[in-house]
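Student: Pulled these features from TrEMBL for this protein:
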- 6-28: transmembrane segment (TRANSMEM)
- 37-57: transmembrane segment (TRANSMEM)
- 69-88: transmembrane segment (TRANSMEM)
- 120-136: transmembrane segment (TRANSMEM)
- 156-176: transmembrane segment (TRANSMEM)
- 188-207: transmembrane segment (TRANSMEM)
- 219-240: transmembrane segment (TRANSMEM)
- 252-270: transmembrane segment (TRANSMEM)
């Protein structure tokens with residue numbers, strides 16, 4: 001593997017394995033703070049929107065022209081819309097509290113509770129599969145961003161990592177409830193994140209390292225479309241649901257400001273050959 005692939009692989013590991021952080025949050029506190037998760041989703045949405053419109057799509061239009069840049073951007077939107085149509089983004093599964101468990105027990109509901117645990121475990125496994133399939137194109141995005149330069153790859157990985165923490169919670173929460181096993185919850189949430197580095201490895205062998213610059217810019221424009229759709233279709237609605245519209249909007253603009261600042265400081269701190 002050349003250095004670009006190794007960098008992309010390392011960045012995708014950081015992004016993918018942040019699902020483990022979500023699992024740790026569940027293990028430490030089985031009743032997650034939904035408002036905090038919503039604010040985190042809003043902040044990550046701001047990062048994504050900033051990358052998508054102010055960096056990837058903007059650079060694609062400037063490099064290959066308005067028409068081609070927009071065609072690539074909306075091809076990315078359509079690509080991820082098709083994926084989302086067949087594999088919807090999973091949300092947090094409702095987990096009964098202790099009062100519900102006691103109530104079920106009083107009704108002679110041991111069999112009911114056992115059946116409910118199986119259903120919740122199944123939902124956790126389905127969630128893990130769905131997240132894995134969602135994470136695969138995110139790994140592709142990190143790889144293509146890293147081919148453009150370290151700045152793009154690092155910022156994409158950061159935004160995706162923040163987005164993946166609630167996904168780790170969504171996997172670990174039902175699994176922990178159903179199995180009462182911290183290890184099983186952590187293991188399944190962590191494994192769901194491995195789809196990102198897997199996406200890097202596969203795409204690294206599909207795209208040559210000397211890819212035509214115009215095609216690379218177009219692909220990055222398409223990545224911008226993927227990020228925009230993911231943000232507006234999935235992340236913002238979850239942020240509004242968990243944290244409320246006003247607080248989520250504040251988190252979005254905070255994320256955009258943070259990303260703009262990080263783009264600036266990375267630009268002035270990295271060597272010229274790595275800054276683009």
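Glycine is no exception: its Cβ is also placed from the backbone N, Cα and C atoms.
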Student: Checking distant contacts: for the transmembrane segment (219-240), what same-chain residues at least six beyond its ends satisfy Cβ-Cβ under 8 A?
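Tutor: Cβ under 8 Å, 6 or more out: 38-39, 41-42, 44-45, 48-49, 51-53, 55-57, 59-61, 64, 69, 72-81, 84, 89, 91, 137, 140-141, 144-145, 148, 152, 156, 159, 163, 166, 211, 248, 251-252.
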Student: Quick one: find which recorded stretch in 6-28, 37-57, 69-88, 156-176 has the most Cβ pairs under 8 Å with the transmembrane segment (188-207).
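Tutor: Selected stretch: 6-28, with the most Cβ pairs under 8 Å.
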